[in-house]
Each structure stands twice: as C-alpha cells, then as structure tokens.
Amino acid sequence: MESPLIYVMLVLLNVFVFSSGVIHNKGKERTYFSCSGEGILTGLHTIKLFLTMDNLKVRCFFRNENQSPSKEILGLFTSGGLAPNMIITNSTFYGGYYFKLTPFSNRLEWLIDIPRQNITVNTDIAAVEQWMIKITMHEGLNIYDTEGTLLDLVREPILQWNLGRVLTEMEVRDLYPEVNDIKVTKSPCANDVALIGFMMKPSSNGVFIGKTISGFWTYKECIWHDLTEIIYAELKDEHQGLTVIDLVLTNHFLVILTSLGLYVSSDLRYPTTSQIKLSRAEFCGFERVDYIRGNLWYNEKCFANRESFEVDYVTITFNRNRTLSESSSCFFSKEPFLHWLPCVFSTIKNEKSIPRVITFLIDQETDSGIYLFNVQDTKETYVTVAMLKDGKPSPRPKFPSFHFPSTFTLPLGMIFHPRSHFLYVYGSQIWVSMDGGNTFEMLCNLFSHHVTKTSNSFYTSDIVFIVEDGRILTTKAGLTTYSELGILKDAIFTLYYDQLGYIHKLTPENFDAGSKLLGHGNSGSIFGKRPDLGFEAILVPQYISTNEMYFFAHVPLTMPTNIQWKKRFKTIHLGKTIEFSKTGLANIKNVYMHKTEPVGFQTSIHTEIIVPFGIENSKDSPCLLSDLEITYSGKLYYTIKLLSKNPLHELKSTDVEKSVLIPGYSSFLIMNITDKWTASALATMPQAIKSNLKFLTGSWFLYNFGTAGGRKWSISTRQCNYWIQQDSLDFMSLNLVKYIDVGNTIDFQFKIIPKAMSTFPIPPVSMVVGNPGLVEVKTQGVFDLNENYYLDIHVSGRFFQKGSTSIALVLWEGSSKCYAITLLPTIKSSCSYLRTMHHTPGRHIPPEDWISGVHKDSQGFNMIKTLPINYRPPSHMGISIPLTDNFYHADPSKPIPRNQFHKSKETGKYKQCANVTSRAMCNCSEHQKFSHAVAFSDCKEKVHRFKFPVTQYPVVLEIFNERDKISAEPPYLVTMTEVNMRKNWQLKHNEPENVKKMKHYLEPLLKTPVYNPLGLNLTIQGSELFHFKVSVVPGVSFCELSEEFQIYVDEVPLPFPGHALIAVATSVVLGVLIFIAFVFQLRNIHPLKALKKSIRGNPGLTSSTTVSS
C-alpha cells in the first residue's frame, strides 16, 4: 500500500494550483461592497459607475446580507491594514487601482480617486467597450468581491444626441393603455446603454422611445423621448397610424422601423446638431400594411478598436411573398445604410413556389450570407449559406442547403448569439448550428406552441426564448440542452440582459431586475421558484450498475393517444437532475424514445447516480421478507408470487405502483394485486426474460416512484458542476479579444475542475472555431490524478489575411446554473492597437530629470538639450537656412529664428499650434511634450544630447505586445529616414545570407535601402538636431510598425563650412611657404642671416690709406 503522505502531498499540490489564476463558477459570498460614484448610489448588489471628463471618484461601504455598514466593520479591516482594490477590465484591458487605507468621512467609507487619463486618454466619440469592474478584498482565506460596470459617458455615440422632446412622467403614464408591444435594442459594446420603444395600438399615433444608461435598473432612470415630429419631417403625405415596429442600435447608427417606413440616423460619431437626424429609406411597392408586418435583423458585434474589415449589416424582411413586379421582400444594407439591396433574386414565375426569406443574416466571420427560407406550397423550410462577392450574396450556395423536417411547421426567425458563431433558428421548434448554417441540431420541440421573442447576454452566454404562452426557455451558447426559467403572466413584456448578464423583465409601466441578485443573472424574484420539470407519471428504475440507472416512465395502456405526451420524458429533461424525496440524486445523461417495447413505457432516461436512491423497508412493505418468483402470464403482464405464506409477509395495497428491482435482471412495475401473495406487473426489459425467475429475500428490492399519495420525485436544473480556472492576466475576461500578427502564435491554458462526477476519460470541453480557414488551432488535453482536465490551446495564423474568428470553449456536460459554461475568446488576425515598436536609448534618464532638463554624466556634460523656441534644424544649405516644415518647441507669440532667407520663409508650418496666438493655446499635453512623433513636434521641448561626433550609436529596437516584448530582428527588416531631410549620417548593419536575399527583393520595390535591425549602428557627422524615423518593411506584419527618435549633436569644433575653409587656407599658406623657401634656396638667399644682422644692428665703417714716395 502506498504511503498516506503521497496522498496528502497530492491534495496540497492541487490546492496550491487551484489557488492561482482566475476561477469561475465558485459562487458568491453573502457579503459584498456597495459603491457609488459622484453621488450615484444604486443600493443594489451590483455597481454602476460612470466616467466623465473629471476624475473617477468612488466611495464604498462593506455590507453583509443581514448587517448594515458600520464603523465597527470598517474599523476591523482597517486596523489590520486592509482596504479593497478595484479591478477594471474589458476584452483587451486590465488595470488595478487601490483604495485609500484610511476610510473617508469619519471612517465610514473607503475612497478612491482616479484621474481619467489613468483609465483612458481618448475622448473621441466611438464605439467603446463598457468596462467591467470588481471591488475585491482579501481577509485571511476569505475573498469579498462585488462586480459592476463603468460606462464612458463621453464617448458612447448614442448618448451624445438629443432623441427628441422629453416626455413628462404623466405623459408616459397616459401611453400605457395604448401600448400593444415593446421593443428593445442595446448598444453592441455597452449593453447597459439601451433603447426601448412602444408599439402603439392602431388607435394611437406616435414614436416614443426610452433611453437608459444603467441597464433599466430603475424606471425613473429611463428618459422617454417623443420622436414623432422628427419622423413627420421626413414624411410627405400619410401621418396617421405612426408607431414603432422594430428598432436596432448598431455600433454607429440607429435604425427605426415604423409603420410608415424605415428611418436611419446619421453617423452617431459625428454630431453636427444636438437633435438626432433621421432619413427615410425608400422601398418601392411597400405600404403601411407591409411595414407593420416587417422585421429588422442584426448580427450583434462590438466594433471597439474597429478594423477595416468590420462593418455592420442590417436586414429588413416583409412578411409576405414578393410580387412579380418586385425585386424582393427582403433587403439588406451595410453602414451607412444609404443603399438597400435585395437579399436574393428569383426568376421563378409561380408565386407560391417562390421561397420567402424569413431571415437573412451576414456572417462576418466567414464573410457569407445565411438565409432562412420557407416555401408556401410545399411547407418546406431550409437554410442556405452563400458567400459574399463584392458585398452581394453569390447565387451559388457555399454548401448544400440544410432542410428541416416537416414537423417544423412554423419558422419565425434566426439569430446569432452575440460575439459567437452559434446560430439559432426558432419558431415551433428551436435548432442550433455550430458551423455557421451547414448543419443543425434540434434543441427543443414546442409542438403546438412557438417562440415569439429572444434575448441574450454576450457576457454569460445566456439566451432565452419567450414562448407565446408565457414560458421562458433558456440555454447557454453551444449547449444542446435547455431548461425552463418559469412562466410570466404579463400581457405585454419582454426580457433584456444588461452588461453583467442580469436578466430584466420590462413592461410598459415597470422594470423588474429582481431583488435577490447574488450571482450572475440570478433574478429569482422575476420568475419565482424554478419550475419542477417532472410530470405526473410512475417511474420504474432499472439497475445498470452502482453508478448508473435507467428510469422508465409508465403510460397507461388505456390512455388516449392525444394526451399520452403528458407522461413522457422530453428533451428538456436532458442534462437535468432527478431527485427522490426520500433520498437520492442522479444526473440525466440521455433521453430515449421507445416505439413498441417495452409495452407501457414510451420513454426512458439514462442517469448517473450522485446519491443512491432510497429503497423501501420491510416495515412499509413486509413482502420484502419473502422469496420471490416471477412468471410470464402471456397477456403482456408478468405474475409476481411471494413464496412465503407467512401472514406477516403478504402484499399490501400500498405496494401498487412500486417497482421491483433485481440487480442484473429486468425491473417490474406492480400494476395490481390479485391476492395477498400474487400481483401482476409490467417488465422494463421483457426481451431479457427467457424463463421463470426465482429470487431469495435480500436479493430483490422495492422502490416507490409512484404517484399514489402524491409524486415523490422531481426534476430540476442541476447545480453548477464545474469550476474553470484560467491564467489570471491572460484571461480576465470571458470574452477577451486577442490579436495575432503574421507568423505569431497565441497560447491559452485552462483547468476544468469537476465538482461532482467527472467525465473521465472523455474530455469535458468541446471547441468550435468560427472560421477555421483563418487560423490553425491545436489542442492538447490531459487528466490528472484527481480527474481535473488541463487544456492547452495553440493558435497560429494561416495566411497573410485579415479577419476575425471566435473560438468557443463549451463545457458540454456543464449545468446552465454555472454562469461560465461557454468561453468565447475572439481572435483577430490583424494589428493590435497595443502592438508598437520602440527605440531603447543607450542611456537611461529618469523622468524627473526630463522635467528639470538637467542630467549630467560623470564628466559634467548635460545629456538633455532644451530646444530653442520655434527651432528648426539646419539643412544642406547651411545652419542659418532651415528648409524643413517641422517646428520644435513652437510658440506662435515668439519670433522665428533663422528665418531671414526666402526659402526658409516659404517652409515651416505649425501643426498643433496652427491658428493660435500663444503656446498655451496649443494645448500640448505632457504626453505630447515627451513624444518623439513628428506629428507632435510643435510640443517637443527636450531631446537627447550627444557630443560630436556620434559614432556607432546602437539603434536598439523592440516590439511590444500586451504583456511581453521581443527584439526586432529578421524578418522584421527596417527602413530609416531623417524626417527633416538631413544627410550627414550613415548606418551599418549585419548582412547574413537571408537578409541579403530579402534586401535584393525589397529595395527595388520600396526604392529605399533596407536594413537588418539586429546590430544596427548609426554614425552622425553633422551638428544639431537629427530626427530619425524607423519603419518595418511591409508584408511581415499587419501593423505599420514605426518608431521615431531624436539626437542633438553638440560641441562641434566649428560649424560647417568653417572647418573646411580653415583646412583649405592652411594648405594654401603651407604651400606658399614651401615655394618661397625653395626660391630662397635656389638664389642662395639666407633670410635667417639677414634677420640676425638686422637684430644686432649695422657696425661703423673704417678706412685705411697708404701713401708711397
């Protein structure tokens, strides 16, 4: 036997591994934080914060479900040095911020104050993701956290417009009796921003739309607008009977279908007026009666950080067949929705044979169009997928159409689950496709009922189907099972999911989000207690093993055929839990239908036993103390005889409807008692009985799953049965977006932890790739000794092709009560907005020294140069003749130096400081002042300073991603230019054979030298400012990677051209001197001797005379 120490070590190892990363489906604590920002306190178990141009100020209380906030609670934590922190995330961003340790306002609150620029520096109007926030605090082994949202009010497009006259509370109340239905649409990137429209009765008139910024948490928060006059401004004749029919809010446009036409807003990102503008789209031949029966269809996608291939499409369908004079009864358009094209062209002359387009959706992942067709005369329903060519569907299908069975009699619509590739077709049945419409699997058959509306949550992957009888069916994206949330009796209502996945019931006069909100989407007060999915029928257990059991549902042989369905197991029971009142719990693995045998049992379920079911004892059924004999009576029934004649062991009337279970043999349902020792029964496995059977007491058992005295068993949604552990930084979001560049790869790691029975050796997770032609996905999974499942996913790009695809990870055995069953990362084969290239200077200068402008080396040389005001670098014509357009350290109020020559006056243009009169009006931010980009040269004040000459300066380039960085090296070859057209510099680099081949190929195409960034060195022979731009060659990255840096060369001996002139003059003088010396030597002239004599002075002359006689 192995040492117990090994098992202890394994358990501890599992605990330590489990404690790292992010774990979903853990459940919620009964303690939470209540937070508010700028005086807005929701008072709910979720937090709604709003970001304006000011700082984000958040105050938080610590609450307990049965305890109000108090000084004592806060004091307990702060005395231990504890304070919460706030995590802000979305699909591409993760940031952590910390509250002050000392609570605010007399130790009653924690306070945090975050400048806007610490969260985002952008202020332009655009589709931007709403942030998820989590307030969390650790205390010992306890973790307290509360989730919420943060909405940017500055950037959300629809919030920048006035939708029309604001209605008073009394005016809104007057509309309630006239409302016929309600329609809801939400912002694709910020689901808390939503619009609700009233569909009025024919006797009323007007377009009334409500707007919320907090996800309809309270009715008072919703602002109602009257758009009637805005619509009337576009109408020429008919004004009566105007009402909302449908509405869609895309990333950048609002589309409203009314009874008098279709109206499209201008681009919401560019408000030219305060009031929204709507234009009418014309459809020839369609009138008010057609618009009333029309529908809008939209595949919801969030286009935050929008790519060039991302565009919204909207479809309008009219619930009628087209006439021979009309091109189509279905039209679609892409933004800006100016031109509407027919979804399909048909040349069929027989009107009844023309397939009617019920729905047409654009699948943006595979760039295809998906049709849901219905043929009137044949009652045929099918789905066809066509590729898009030049923005139009091709008449040739992508693959053969999928035809639904004839039992699908009422198809009504088709939708994509948002941000995924799961396609749902609904009506009298619900079908789901995992492969974009190629194949479908039936999820639910509603028989005589049908689905009227749907609602979904991208965050929790929930999707609900509203049935016309008020039932609410729900499932998770990718699951092939469903359950029932409950029944709503409201005459007019719809359901809506907010950003965090909480479900809301909306009626004309009230919004209900539920009162118990501990968990994602847990709104028990809306539906009440989840319904018992059981039915009034006798169940017979059939033993398979200690872990498995079948249950057969008995249908009386005399029961009318038309109501026999009431006593059958159905597809809704798949994946649920069957529970016995005495004791016993099992998960339903499969549902089976039986056509002939066994007689009396039309359906059965296969279960996995979690808790053994309780058996009858001898006190309740004394017959258990007797031996048993079973024989076939020849009339469908089997005869059960008690071999003991002891009066204390006889059968009782209460034994009717009980089941006889014998391990290894068929089970029997006692139908009636003939006498004290004999009963007739039905067998669950009659084909397995070959002869008479005898069993000793203790070898057979009785179960009571009958209905006499009330049903003792129930079926319900099983509890959450899996934990999902992810890397804490890579996968903070359930719907993260990852970018993959050319030649790059992405790796994900997950750990699936079963809370009950494991699926070993079958992997518990399935994976669906939306566009498998875009990326290559490899997986590797393994079970550990504790039957936890580890999954590694490796994603790499296939071609130099831009696009996006979802990768769905579905826990197919998971319960819908887990909020995280489906993980939906999106892979974009494109350039990440976080992917940049940076030059790493050879020396580090602290930020505080940059601010002061002084950083000296060991020799006292200041390594920072503060540029003169309105500075421009020299040109090849001289220091005083700058020819560049770029100003540095610009100040329009100051004179421009070096501006005497005509060519210098013609050049030089302000950018940031254009059309202003002072530097303060340039609005240069600190980021712009320190930026190396030529676009911000007006703001640039300080640069790196070097002594002349600069030789072999290493140009070190690094490419940064979200979390890591790599050195720029082949194949990332680069080009380098000086933005001010200066010449006195040169580069040296390494040229291995592969680099030479790429240079020979690229340089003729680019018409510029190409360099290897690895080992690149720069030499500068000129003076003053050099501004370089390094760019990665095209074709090796989706990103246009470039970097700029400046070098100021100072302490040059003499500026050009003085140095050369002195050299020439010196040479001439030396030459003249040599020539003069040569002439003196030739004439025997000795200038030095003459010079010496002149220094001594001239002596007196003497005379000598001789006279002879």
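Keep in mind that glycine also has a Cβ here, set from the backbone N, Cα and C atoms.
Under the heading disulfide bond, Swiss-Prot lists Cys35-Cys60 (among others), citing experimental evidence as support. The Cβ neighbour count for Cys60 (disulfide bond), using a 10 Å radius and every protein chain shown, is 26.
As annotated by Swiss-Prot, disulfide bond applies to Cys189-Cys302 (among others). The local packing around Cys302 (disulfide bond), expressed as other Cβ atoms within 10 Å of its Cβ over all shown chains, amounts to 25. For the recorded site, Cys302 (disulfide bond), the DSSP three-state label reads coil.
When secondary structure is read from DSSP and collapsed to three states, Cys343 (disulfide bond) falls in the coil class. A simple way to gauge crowding: the CB of Cys343 (disulfide bond) has 24 other CB atoms within 10 angstroms, across all the protein chains here. Annotated disulfide bond per Swiss-Prot: Cys330-Cys343 (among others), in sequence order.
What Swiss-Prot records for Cys720-Cys818 (among others) is disulfide bond. Cβ-based neighbour count (10 Å, all protein chains) for Cys818 (disulfide bond) stands at 24.
Under the heading disulfide bond, Swiss-Prot lists Cys831-Cys1039 (among others). Within the same chain, the residues at least 6 positions away from Cys1039 (disulfide bond) whose Cβ sits under 8 Å from its Cβ are Asp741, Cys831, Ser832, Arg835, Val1032, listed in sequence order.
In sequence order, Phe887, Ala890, Asp891, Pro892, Arg919, Met921, Cys922, Asp938 are the residues near Cys913 (disulfide bond), counting only same-chain partners six or more apart with C-beta under 8 A. If you look up Swiss-Prot, you'll see Cys913-Cys922 (among others) marked as disulfide bond.
Under the three-state DSSP scheme, Cys939 (disulfide bond) falls in the coil class. Look at Swiss-Prot and you will find Cys924-Cys939 (among others) tagged as disulfide bond.
Look at Swiss-Prot and you will find Asn66 (among others) tagged as N-linked glycosylation site.
Residues annotated as N-linked glycosylation site in Swiss-Prot, with experimental evidence given as evidence: Asn90 (among others). Asn90 (N-linked glycosylation site) counts 21 other C-beta atoms within 10 Å of its own C-beta, drawing on all protein chains shown.
Among the features that Swiss-Prot reports, N-linked glycosylation site is placed at Asn118 (among others), with the record citing experimental evidence. Same-chain residues at least 6 positions away in sequence with a Cβ under 8 Å from that of Asn118 (N-linked glycosylation site) are, in sequence order, Gly95, Tyr97.
Sequence annotations record features per position, and here Swiss-Prot assigns N-linked glycosylation site to Asn321 (among others).
Non-local neighbourhood of Asn672 (N-linked glycosylation site): Val656, Ala679, Ser680, each in the same chain, at least six residues away, with C-beta under 8 Å from its C-beta. Secondary structure from DSSP puts Asn672 (N-linked glycosylation site) in a beta strand. As annotated by Swiss-Prot, N-linked glycosylation site applies to Asn672 (among others).
Residues or ranges marked as N-linked glycosylation site in Swiss-Prot: Asn915 (among others). Secondary structure from DSSP puts Asn915 (N-linked glycosylation site) in coil.
Per Swiss-Prot, N-linked glycosylation site is recorded for Asn923 (among others). On its own chain, Asn923 (N-linked glycosylation site) has Gln912 as residues at least 6 apart in sequence with a Cβ closer than 8 Å to its own Cβ.
Residues or ranges marked as N-linked glycosylation site in Swiss-Prot: Asn1017 (among others). Residue density at Asn1017 (N-linked glycosylation site): 14 other Cβ atoms are found within 10 A of its Cβ, drawing on all protein chains shown.
The topological domain 'Extracellular' annotation in Swiss-Prot covers 1-1055.
Secondary structure at Cys818 (disulfide bond), as computed by DSSP, is coil. Per-residue confidence over the topological domain 'Cytoplasmic' (1079-1109) averages out at a pLDDT of 64. Cys924 (disulfide bond) is 14 Å away from Asn915 (N-linked glycosylation site) when you measure Cα to Cα.
Cβ-based crowding with a 10 Å cutoff singles out Cys189 as the top-ranked of the disulfide-bonded residues Cys189, Cys831, Cys922. Under the three-state DSSP scheme, Cys330 (disulfide bond) falls in the strand class. Cα of Asn90 (N-linked glycosylation site) to Cα of Cys939 (disulfide bond): a span of 32 Å.
Of all Cβ atoms in the protein chains displayed, 23 besides its own lie within 10 Å of the Cβ of Cys330 (disulfide bond). DSSP assigns Cys922 (disulfide bond) to a helical segment in the three-state reduction. When the disulfide-bonded residues Cys35, Cys189, Cys302 are compared by Cα distance to Cys330 (disulfide bond), the shortest distance belongs to Cys302. Here the candidates are the disulfide-bonded residues Cys35, Cys302, Cys720, Cys818. The one whose C-alpha lies nearest to that of Cys924 (disulfide bond) is Cys302. Residues near Cys939 (disulfide bond) in space but far in sequence (CB under 8 A, at least 6 apart, same chain), listed by position: Ala890, Gln912, Cys922, Cys924, Ser925, Gln928, Lys929, Ser931.
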